[in-house]
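Now, the feature entries from TrEMBL:
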type     : residues : note
DOMAIN   : 481-605  : domain 'STAS'
TRANSMEM : 102-122  : transmembrane segment
TRANSMEM : 134-152  : transmembrane segment
TRANSMEM : 164-182  : transmembrane segment
TRANSMEM : 211-227  : transmembrane segment
TRANSMEM : 239-259  : transmembrane segment
TRANSMEM : 332-355  : transmembrane segment
TRANSMEM : 367-389  : transmembrane segment
TRANSMEM : 395-413  : transmembrane segment
TRANSMEM : 425-453  : transmembrane segment
Amino acid sequence: KLRDKVSEIFFPDDPLHQFKNKSLQTKLILGLQYLFPIFQWLPGYGFDLFRSDLISGLTIASLAIPQGISYAKLANLPPITGLYSSFVPPIIYSVLGSSRHLGVGPVSIASLVMGAMLSGFVSPTDDPELYLKLAVTSTLFAGLFQASLGLFRMGFIIDFLSKATLIGFMAGAAIVVSLQQLKGLLGITHFTNKMEIIPVMSFVFSHKNEWSWQTILMGMIFLVFLLTARQISIKKPRLFWVSAAAPLTSVITSTLLLFCLRSRADKIPKIGQLPKGLNPPSVSLLYFHGSHVALAAKTGLITGILSLTEGIAVGRTFASLENYQVDGNKEMMAIGIMNVVGSCSSCYVTTGAFCRSAVNYNAGAKTAMSNIVMATAVLVTLLFLMPLFYYTPNVVLAAIIITAVIGLIDYKGAYKLWKVDKLDFVACLCSFLGVLFISVLAGLSLAVGISVFKVLLHITRPNIAVLGNIPDTQIFQSLERYTNAVRIPSFLILGVEAPVYFANSTYLQERILRFIREEEDRIELGRESLLKCVILDMTAVTAIDTSGIDTIYGLEKTLQKRSLQLVLVNPVGSVTEKLHKSQALDSFSSSKGLYMSVGEAILDITAAWK
């Protein structure tokens, strides 16, 4: 039983089931396909599939190139690093990843968090070499952490970031990212290192003398163009290519415009010279000796969790649309190895981005070959097209980032939380305000803390409902939710809706005794028949430990002294087994205290009274 329980915890998907009753040769082939998912689809790959992947790969390349440059600047890294990160990691993922539609590359949230955490201790302008070393080392730590989670099948750790807190965190981070783009959008030369909304806005309005009308005009034109293209694609999904091609179109148009007006538009900041060539090795940049190693490890851990959460969520979203499975643990290993290799080839943290994956899916991608096509397009750019980016204005990159992160503000999701679960909405709001007014790291910590608190709250304060009978049936439901449910004279029926553990056993005992006291007060006030029996409906009690057993035993003894009978109804198999082994049921069986249903218990006990 212990072996089965451990197997259920760490191997719920039974990953070795496909190897059962197979020949040695078949097992070797299946093992190769399991470790390298590319061999699942490559043997049957044909021209029709390649044509679809070619179109989708070139489409996401048109989005990935300008986004890669923009997100690298968001992380306070050289723009070329974003292109490096859009070349090597997609190739690695194509071999190891199990998602057919995941578009791999840098993402806004991980870039923002890395930039915020590292720049708080090391200035990217005063000491760019050390900053780059820490960024590469953080990527290595992130990859090792991600791969370890997959290897040891510990992916449930990332589930502590609930959807509610992620909605708030993403929305807050999107606003913070947009505020940081005011530097490029307004043409401000020197910008504050603060991330919070109040310091940033006060700095922006106190430096109005640095605003450049030329930069603002160009920024507004391209921002409106990008937002319009995005809205067209949202309203008409068939025109997905409009928003996909808009960033590259903006880069090309603005670069040509700035080149033609270079003598008159010298006040508009531009990217400048970018180095040509493939990713240079960065093993020598890895930083393991110094005072900032802990900072690199901490940054890697947090960016690793964030990028892993986003990548797996995106992969599963599109897998469900196409009715295929994405193995979460294999995805963790693929993303982790991708980042480990990336840290040795001048890349920073990458994962599957939602906007890039959505474009990939809408463009008709059939396999992970679309990532290889995208990487090939980036390779051509690195080898031959880098001089063309010299006159690309920073303001257009800022507009591209703002357009990309606006999609992270899910106000419909927040409204749904408010309607469905107020506690989830509070968690979402706290996470949002924490990022916006305290710091990105504090907002993330608050998000995790609230998620853990919610879990503890549900465990330590389980729900107990007073049940009544639905007339003319043998069904018993909550009196609060079913207005036609009626009480049974002389009986108090309580439904326990959670496992009974050491963490909630004391609460359950106190709450049950309080229900009994309130019921007796109600009976005395209404001059009804005396309370004689308390029935605990344990249908929803999926587990119990020794503290819970002691609570049940102690409760039975307490009620016996008050001339009240305690009855247990329908405990599940594992709970019944533990109650039998502990001999806690001995006192119940002698007084008919264990039944399969509430109706059966009431009929039998009433007959015994008569």
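Glycine is no exception: its Cβ is also placed from the backbone N, Cα and C atoms.
Given the structure is predicted, the values throughout are model-derived calculations rather than measurements.
Within the same chain, residues 37-38, 41, 45, 49-50, 53-54, 56-58, 60-61, 64-65, 68-69, 79-80, 83-84, 86-88, 90-91, 93-94, 97, 99-104, 251, 255, 271, 273-279, 360 sit at least 6 positions outside the transmembrane segment (367-389) and bring their C-beta atoms closer than 8 Å to a C-beta of that stretch.
Among the stretches 134-152, 164-182, 211-227, 239-259, 425-453, the one making the largest number of Cβ pairs under 8 Å with the transmembrane segment (395-413) is 164-182. Among the stretches 134-152, 164-182, 211-227, 239-259, 425-453, the one making the largest number of Cβ pairs under 8 Å with the transmembrane segment (332-355) is 134-152. Taking residue pairs at least 6 apart in sequence, the transmembrane segment (164-182) and the transmembrane segment (425-453) share three or more C-beta contacts under 8 angstroms. Sequence-remote contacts of a segment are chain residues at least 6 beyond its ends whose Cβ falls under 8 Å from one of its Cβ atoms, and for the transmembrane segment (239-259) they are 59-60, 62-63, 65-67, 218, 222, 225-226, 229-230, 232-233, 265, 268, 270, 358-359, 362-363, 388-389, 391-393, 395-397, 399-400, 403. Across the domain 'STAS' (481-605), mean pLDDT in this model comes to 89.
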